[in-house]
Amino acid sequence: SSGESRHFTVVDYVIFAVLLAASMAIGLYYALSGGRQRTTQEFLMADRSMHCLPVSLSLIASFQSAVAIIGVPGEIYTHGTQYWFIGCSYILGLLIPAHVFIPVLYRLRVSSAYQYLELRFSKAVRICGTLTFICQMVIYMGVCVYTPAFALNAVTGFELWGTVLATGLVCTLYTTMGGLKAVIWTDVFQTVVMFAGQLAVIMVGVQRTGGVSEVWRKVWEGNRISGLDLNPDPTERHTFWTLGVGGIFLMLSLYGVNQAQVQRYLSSRTEKEAVRSCYMVFPSLQLALALSCVMGLVMFARYCGEDPSDKLGTSSRDMVIYFVMDMLQGLPGLPGLFVACLFSAALSTISSAFNSLATVTMEDLIKPYFPAMSESRATLLSKALAASYGLLCLAMAYLTHLMGDSVLQVALKIFGMVGGPILGLFSLGMFFPWANSTGAVAGLGTGLAVAFWVGIGSIFTRSSGARPLPPDCTAILNTTTAIHTALSNVTLRY
C-alpha cells in the first residue's frame, strides 16, 4: 500500500498550524480582556453574558466530533443513505430541551446540571450523577483526540503523537487561560472551519467525478439511495424507528441534560436567549449531517466498481481520509484545510469536555465541602482542574492506542450507554413528583447495568443483519435495505 499513500505538503502543515495558533490566540485574548478570568463565574460560566448566535454554534461544535466527520461518510459509503433519517429526530430532540429542561435549569441559576439533582432528591444522587458524567467524558475525550490522528497516520503518514500532543496541549492551554468564553468563541471559529473543509472536499470530488448528474447516476445505480424503512424490528441496525425514535432520546441526552451543553445554555444572558440558541442549533445540525452524508455519496461515486479499502487493507474510517487525499492531491492547501476541519471537530469536543469536567468537579465535588473557599482560590483551582483534565485526555489517548480497535468501539458505545440512564434520572425528577432519592439511585444503577449489558454485548456478539452493500454501480432495483445491529449504533454521529 505504500505506493498508494498520500502525503501532505508544507502548505498543508502550515494551515494546520494556523488552526492551532488561531485557537490559542482566542484563548489568550479572553485571558487578558474583560475580568481576566479572575472569578469562577467568568471562568466557568462566561459571566452569564453570551449571545444566542455564538452559543448555538458552540452547541453544534461540542458534539460534532472528528469521529462523526470520518464515521458518517464511511457509513453512507458502505450502507447507503438510511442513516440520514436521523435528521428527523432533531426537531423533537431540540424542542423538548428548549421548553422542558432549559426553563427548569436556567431559573434555578445553577452552574452544574447536577445541582438540580440535590435540590430535587439528595446529595447522594447528585454525586452519583456527577461521577457517572465524569467517567463518561473522560473515556470519550481520549478517543476524540486519538481517532483523527490515527486515521491520518494510517493513510498519509501524518505524525501521530506529534499531532495528538499538539492538539491536546493547545486545547488545554486555551481552555485553561480563557475559560468558557474562549471555548465558545473557538467553537465558533472551528465550526466555520469544519463546514469549509467538508464543502471543499465535496465540491472538488463532484467536479472530479464528472459532475452532479454523474454522481447521482452512480449512487442510484449502486443502490445507495435508501427508501423509508418502517421495519419495527428493534434489532435491525438502522430503520426509520431506530433512527427517528432512538435519535430523539440521543438528542435529549446530549442537548437536554449533558453538562457541556447545559453550561452553554446557562451562560446565556437571558432564558429567551438560551431557548433561541437551542432553536438555532437545528439548521446547523441539518447542514452538518447533509455535508457528511453527501461526502459519503461522492466517495461512493468516485470509487464505484473498485473498493480501495480491499486493496489498501483500510477500514471505512480510513477510507474517508484516503478519499480526501485522492480528491485533493495536486491542490496545495486543501488537504490541510480538511485536516483543520477534522481537528477543529476534535478541539471543540475536548475543550467542551475539559471545561464541563472542571465545572462539575468544582461545583459538585469540592465547593460543597469547602464552602468558605475564597473566590480567587476557587478560580485558581478551577483552572488547575481544567489543565489536569487536559493531561488526563492525553493519557486516555495513549491508553486507546495501547488497547486497539476493541477499546475504541467500547469507548464510543459507553458515551451512548451512559447518556440514557442520566437522561432517565433527570426525567424522573422533573416528571414524577412522588419519586424519591432511593428510587433515583436504584433507577440509575439499573439503567447503567442494562445499558452496559446490551451495549458491550453487541460488540462481542456477531450481528445477524444485512452485510454492507456491494461497491459497484450495476443497475439494480432500488429496494430498501435494512442494515444490522441495534439502537446504540445511533451514537455513530457523536
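Placed from the backbone N, Cα and C atoms, the Cβ positions cover glycine too.
Feature annotation from TrEMBL assigns transmembrane segment to 13-32, 52-72, 84-106, 127-152, 158-176, 188-206, 238-257, 278-301, 337-360, 380-399, 411-432, 439-460.
Spatially, the transmembrane segment (52-72) is adjacent to the transmembrane segment (337-360); three or more Cβ-Cβ distances between them are under 8 Å for residues at least 6 apart in sequence. Using a cut-off of 8 Å between Cβ atoms, the transmembrane segment (411-432) and the transmembrane segment (127-152) share at least three residue pairs, counting only pairs 6 or more apart in sequence.
Within the chain, the transmembrane segment (84-106) has long-range Cβ neighbours (under 8 A, six or more residues past its boundaries) at 76, 113, 116, 226, 228, 238, 240, 243-248, 250-252, 255-257, 262, 265-266, 268, 271, 274-275, 278-279, 281-282, 285-286, 289-290, 293, 426, 430, 490, 493. Packing against the transmembrane segment (127-152) from elsewhere in the chain are residues 65-67, 69-70, 112, 114, 117, 158, 160-161, 163-164, 167-168, 171, 258-260, 317-318, 320-321, 339, 342-343, 345-346, 349-350, 353-354, 356-357, 360-361, 364-365, 389, 392-401, 408, 411-412, 414-415, 418-419, 421-422, 425, 441, 444, 448: each is 6 or more residues past its ends and has a CB under 8 Å from a CB in it. Long-range contacts of the transmembrane segment (278-301) within the same chain: residues 52-53, 56-57, 59-60, 64, 68-69, 72-77, 81, 83-84, 86-87, 90-91, 94, 97-98, 102, 191, 194-195, 198-199, 201-202, 205-206, 209, 214-215, 218-219, 222, 224, 255, 265, 319-320, 323, 471, 493, each at least 6 residues beyond the stretch ends and with a Cβ under 8 Å from a Cβ of the stretch. Counted over residue pairs 6 or more apart, the CB atoms of the transmembrane segment (13-32) and the transmembrane segment (238-257) come under 8 Å in fewer than three pairs, which marks the two as apart. Counting Cβ pairs under 8 Å to the transmembrane segment (337-360), the top-ranked stretch among 158-176, 188-206, 439-460 is 188-206. Packing against the transmembrane segment (188-206) from elsewhere in the chain are residues 19, 22-23, 26, 54, 57-58, 60-61, 64, 69, 212, 215, 284, 287-288, 291-292, 294-295, 298-299, 301-302, 323-324, 327-328, 331, 334, 337-342, 344-345, 347-348: each is 6 or more residues past its ends and has a CB under 8 Å from a CB in it.
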